[in-house]
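Remarks on the structure that follows.
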Amino acid sequence: MNQEQFDKIKNGKGFIAALDQSGGSTPKALKDYGVEENEYSNDEEMFNLVHDMRTRIITSPAFNGEKILGAILFEQTMDREVEGKYTGSYLADKGIVPFLKVDKGLAEEADGVQLMKPIPDLDKLLDRANERGIFGTKMRSNILENNKEAIEKVVKQQFEVAKEIIAAGLVPIIEPEVNINAKDKEAIEANLAEAIKAELDNLKKDQYVMLKLTIPTKVNAYSELIEHPQVIRVVALSGGYSRDEANKILKQNDGLIASFSRALVSDLNAQQSDAEFNEKLQEAIDTIFDASVNKA
C-alpha cells in the first residue's frame with residue numbers, strides 16, 4: 001500500500017469523485033451528458049464515448065488533487081489510457097488517489113435489500129488493479145426496507161469480500177446504500193450503523209476499510225463509525241438528491257466527505273466549449289469541496 005496515498009485519503013481536505021457508472025447505467029450517463037443513443041451503434045462505440053467524457057473530466061484543469069482526494073473508476077476506465085498513461089497512473093500523477101469499482105451489480109431484491117451479485121475472478125481483477133497502480137476498491141449493495149437481519153446480511157457480505165480485498169493489498173470502500181426514499185430511513189441507518197460497528201470491531205489492527213454511506217437523516221448518525229480506528233474515511237453518496245440538497249445536508253455532518261457521481265457531473269454537456277465545461281466542473285468541485293470541508 002502507498003503510504004502517501006493512505007495519508008492523503010485519511011487526513012486530506014477534499015472529496016472523492018465517483019466516475020464509475022458501469023455498463024448498465026452508461027446510456028443514461030451519456031444521455032445526461034448530451035449524447036443520444038442514436039449517436040452510437042454498439043457497446044464498443046458507447047464505451048469509447050463514455051471514455052471520452054471521463055477523459056474530458058479527468059484532464060480538465062479543474063480536476064486536480066487540490067480539492068479532489070480520490071476518484072473511483074469503472075473497470076474499463078482502469079484498463080484504458082488517458083494521454084498515454086493508464087488512467088490510474090494519470091490520476092496519481094495529478095495527486096488524485098485511484099479506486100476501482102469491483103462489484104458486478106446487484107442481485108434481485110429479497111427481504112427489502114439487494115445483495116451484491118457474486119464477483120467471479122475477483123482475485124484476477126485485484127491483481128490487475130495492483131498492476132495498474134490502483135489504491136482501493138468500491139462495491140455497492142442497496143437497502144430499501146428496515147429488516148434488521150437482511151441489513152446484517154448485506155454488511156456481512158460486504159465485509160467478507162472486503163477482507164479478500166485487504167489481503168490483496170488494497171483498501172475497500174464498503175457501500176451499503178440506503179435508498180433516500182426508504183420509509184424508515186432513520187431506523188434503517190441506526191441498524192446499519194450497529195451492524196457495521198460489529199464487523200469493524202472484529203477486524204484486525206492492520207485491516208482498514210472505508211465506508212460510503214447515504215447521508216443520514218439524523219445529523220451525525222455515523223460519528224462513531226467515522227471515529228473507529230479501522231476506518232480510514234467515511235464518504236457520502238448523493239443518492240438521488242440534487243447537488244444543492246446533497247451539499248446542504250452533507251455540510252451538517254461532521255467528518256463526512258462527499259463521494260458524488262451524478263451530482264458532480266450534472267451540469268456538464270458534450271456541446272459545451274472547453275472553457276464553459278471547465279467552468280461548470282470547477283463550480284461543482286468548489287461547492288462539493290465546501291460541503292465536505294467547511295462544516296455548518
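Just so it is clear, glycine is given a Cβ too, placed from its N, Cα and C backbone atoms.
The structure displayed is predicted, hence computed values, not measured ones.
What Swiss-Prot says about this protein:
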- Glu175: active site, proton acceptor (ACT_SITE)
- Lys212: active site, schiff-base intermediate with dihydroxyacetone-P (ACT_SITE)
C-alpha spacing of Lys212 (active site, schiff-base intermediate with dihydroxyacetone-P) relative to the residue listed as 'active site, proton acceptor', in angstrom: 5
CB contacts for the residue listed as 'active site, proton acceptor' [other CB atoms within 10 A, all chains]: 24
Sequence-distant neighbours of the residue listed as 'active site, schiff-base intermediate with dihydroxyacetone-P' in its chain (C-beta under 8 A, six or more apart): Lys138, Arg140, Ile173, Ile174, Glu175, Glu177, Val234, Val235, Ala236, Leu237, Ser259
